[in-house]
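Look at Swiss-Prot and you will find 99-108 tagged as compositional bias 'Pro residues'. Positions annotated as disulfide bond by Swiss-Prot, on the basis of similarity to another entry: CYS180-CYS194. Look at Swiss-Prot and you will find 32-113 tagged as domain 'Collagen-like'. Per Swiss-Prot, the feature 4-hydroxyproline maps to PRO37, PRO40, PRO43, PRO46, PRO64, PRO82, PRO97, PRO100, PRO106; the stated evidence is similarity to another entry. Annotation comment: Swiss-Prot describes LYS76 as 5-hydroxylysine. Sequence annotations record features per position, and here Swiss-Prot assigns region 'Disordered' to 44-116. The signal peptide annotation in Swiss-Prot covers 1-29 and rests on similarity to another entry.
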Amino acid sequence: MVVGPSCQPPCGLCLLLLFLLALPLRSQASAGCYGIPGMPGMPGAPGKDGHDGLQGPKGEPGIPAVPGTRGPKGQKGEPGMPGHRGKNGPRGTSGLPGDPGPRGPPGEPGVEGRYKQKHQSVFTVTRQTTQYPEANALVRFNSVVTNPQGHYNPSTGKFTCEVPGLYYFVYYTSHTANLCVHLNLNLARVASFCDHMFNSKQVSSGGVLLRLQRGDEVWLSVNDYNGMVGIEGSNSVFSGFLLFPD
C-alpha cells in the first residue's frame, strides 16, 4: 500500500487533542492519511509570575526643570495649639509710683506710750523779799520751788510755752499795802486782781485758764498799788501747769 505524499504530521499545542481523537480511528485504519486537525482547545490557566529580573543600568540625567512662577498668597490658616510656657525673662526696671490708695480703716489702739513725760509743763516760784516790786513793772519771783522742764525763767520772770495746750495759772500774794496784780499773755493784759489794805497784812489770790501756743509768754505785773511782800510766814507764790495738751 502506497502512502500519499500530501499527509503532514500535526504540530503545536493541538497535538495532544488530535492524538486523543485519533485513538479510535487508528484501531480501524490500518493504513491511510492522517485526519483533519481538530479545533483549538480552551486556553490554559494563567501561569505564575516569573522571578524578578536583574537591575537595569542607571539612566541618563533628566532635563533640568524650569523654575515656576510664585503662586498667589494662600488663605490664613487656623491658629495653632498654644505652645509650652517659656522661661521667665529678666526683671524689668521699676515703674513710676502709683497714685495713693484710699484711706484704710482705723487700726487697733496701740500700746500706751510715755505720754505723761512728753506732755508735762509745771512750775512754782516764790518771791522772798521785804521790798515792794517796782511800780508799773513786771514782778520777778526769785526762788524756784519746782521747775523741772525749765519753762519758767527766774531771770526774766516769764513763763514760756513749749507744749501747746490748756494751762492754769494761779498766784497767792501777801501784801502790807494796797495791791493790784495783772496777769499778762504776751503784750495783752488778761486779768487784773486788786485788793485794798484793811489790816496790817493781807493775802489775795487769783487764777485763770489760758490756751497757749508754742512761744507764748505769761507773767505777772503790778501798777501803782504794789504792796507785795515775801517774808517768812507770808510768802507770795506764782504757779502754772498744763492741764490738757493739744
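In case you wondered, yes, glycine gets a Cβ from its N, Cα and C as well.
In terms of C-alpha distance, the listed modified residues PRO46, PRO64, PRO97, PRO100, PRO106 place PRO106 closest to CYS194 (disulfide bond). Look at the domain 'Collagen-like' (32-113): DSSP puts its residues at 0 helix, 0 strand, 82 coil. Scoring each of the modified residues (PRO40, PRO46, PRO82, PRO97, PRO106) by how many neighbouring Cβ atoms lie within 10 Å, the top position goes to PRO40.
In this structure, the CA atom of CYS180 (disulfide bond) is 172 Å away from the CA atom of PRO40 (4-hydroxyproline).
CYS194 (disulfide bond) falls within a strand segment according to DSSP. Each residue contributes its Cα atom, and for the residue listed as '5-hydroxylysine' and PRO82 (4-hydroxyproline) these two points are 17 Å apart.
Across the structure, PRO37 (4-hydroxyproline) and PRO64 (4-hydroxyproline) place their CA atoms 61 angstrom apart. If you measure from the Cα atom of PRO40 (4-hydroxyproline) to that of PRO46 (4-hydroxyproline), you get 17 Å. All protein chains included, PRO64 (4-hydroxyproline) registers 6 other Cβ atoms within 10 Å of its own Cβ.
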